[in-house]
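Inspection log for the structure reproduced underneath, given as structure tokens.
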Amino acid sequence: WIMGHMVNAIAQIDEFVNLGANSIETDVSFDSSANPEYTYHGVPCDCGRTCTKWEHFNEFLKGLRKATTPGDSKYHEKLVLVVFDLKTGSLYDNQASDAGKKLAKSLLQNYWNNGNNGGRAYIVLSIPNLAHYKLITGFKEALTSEGHPELMDKVGYDFSGNDDIGDVANAYKKAGVTGHVWQSDGITNCLLRGLDRVRKAVANRDSSNGYINKVYYWTVDKRQSTRDALDAGVDGIMTNYPDVIADVLNESAYKAKFRIASYDDNPWETFKN
């Protein structure tokens, strides 16, 4: 999965997919009542990027729905996964469940079209704080009470705080999560970060009793760091330059071993060689 980083304006969906992304990451900010409000990152952000592009969250979802609904004039067949980077740092811990419920209702109405031929992309809820695990239970409760528990089949999870892998496993246990787990590791492109924790996550993914299904690394903009991440065995790379990742995947060393994921590749299934 080539994951376009910080895609917060509707116009950027086309831009990143046309550069080779089959997945995008979108920032979600919340108001003081735990309603998802804007797709917005703000300053500071990655080096070389404009930090302030934004849409109202529900408007972004409508644009995203068009981009992922077969038959729509804006449809991109290859856009198959969306990571919502949930900026819950502005919330109190006891608002996490409400944030999950409100997020689910927004998605149900504006992205999934109330279960009636909505957008088809898989969705990852990426949460920066392990203490906010109730966002997951709230999300699930809302979809169930709205009569669409089947949409949970399209939803996965990530805790993005680079926490100890044992602590992450524990948070999932508390949230009742037993699958659909993506594990991120990374740092802003302005700084360097080694691959030690990525290798631990990959080892967990590949062990018989691990909780992780997929591992992705962020934010990778250079060819050599792309090669290093692929050599470590990641499933996804988040980038500001999807064309760079696509170029490396075309190199002879990687062409035989990796391919770009399509809609038929289940993102919740651990890949077995």
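Yeah, the Cβs are placed from backbone N, Cα and C, and that goes for glycine too.
As annotated by Swiss-Prot, active site applies to HIS5, with the evidence given as similarity to another entry. As annotated by Swiss-Prot, active site, nucleophile applies to HIS41, with the evidence given as similarity to another entry. The Mg(2+) binding site annotation in Swiss-Prot covers GLU25, ASP27, ASP85, and the record cites similarity to another entry as its basis. The feature disulfide bond is assigned by Swiss-Prot to CYS45-CYS51, CYS47-CYS190, with similarity to another entry given as support. Annotation comment: Swiss-Prot describes ASN250 as N-linked glycosylation site.
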> Roughly how many Å separate the Cα of HIS5 (active site) from that of the residue listed as 'N-linked glycosylation site', to the nearest whole number?
Replying inline: 21
>> Suppose the Mg(2+) site is GLU25, ASP27, ASP85. Which further residues of the same chain have a Cβ inside 8 angstroms of that site's Cβ centroid?
In response: HIS5, MET6, VAL7, ASN8, THR26, VAL28, HIS41, VAL83, PHE84, LEU86, LYS87, SER126
> Which chain-mates of ASP27 (Mg(2+) binding site) that are at least 6 residues away have a CB under 8 A from its CB, listed by sequence?
Replying inline: MET6, ASN8, THR39, TYR40, HIS41, ASP85, LYS87
> Minimum Cβ neighbour count within 10 Å among the active-site residues HIS5, HIS41: which residue?
Replying inline: HIS41
> Taking each of the disulfide-bonded residues CYS45, CYS51 in turn and counting other Cβ atoms within 10 Å of its Cβ, which one has the fewest?
Replying inline: CYS51
>> I want to check the contact list for GLU25 (Mg(2+) binding site): same chain, sequence separation of six or more, C-beta distance under 8 angstroms. What comes out?
In response: MET3, GLY4, HIS5, MET6, VAL7, VAL82, VAL83, PHE84, ASP85, SER126, TRP218, MET238
>> By a 10 A CB contact count over all chains shown, which of the recorded positions listed here is most packed: CYS47, ASP85, CYS190, ASN250?
In response: ASP85
> Reduced to three states, what secondary structure does DSSP give GLU25 (Mg(2+) binding site)?
Replying inline: strand
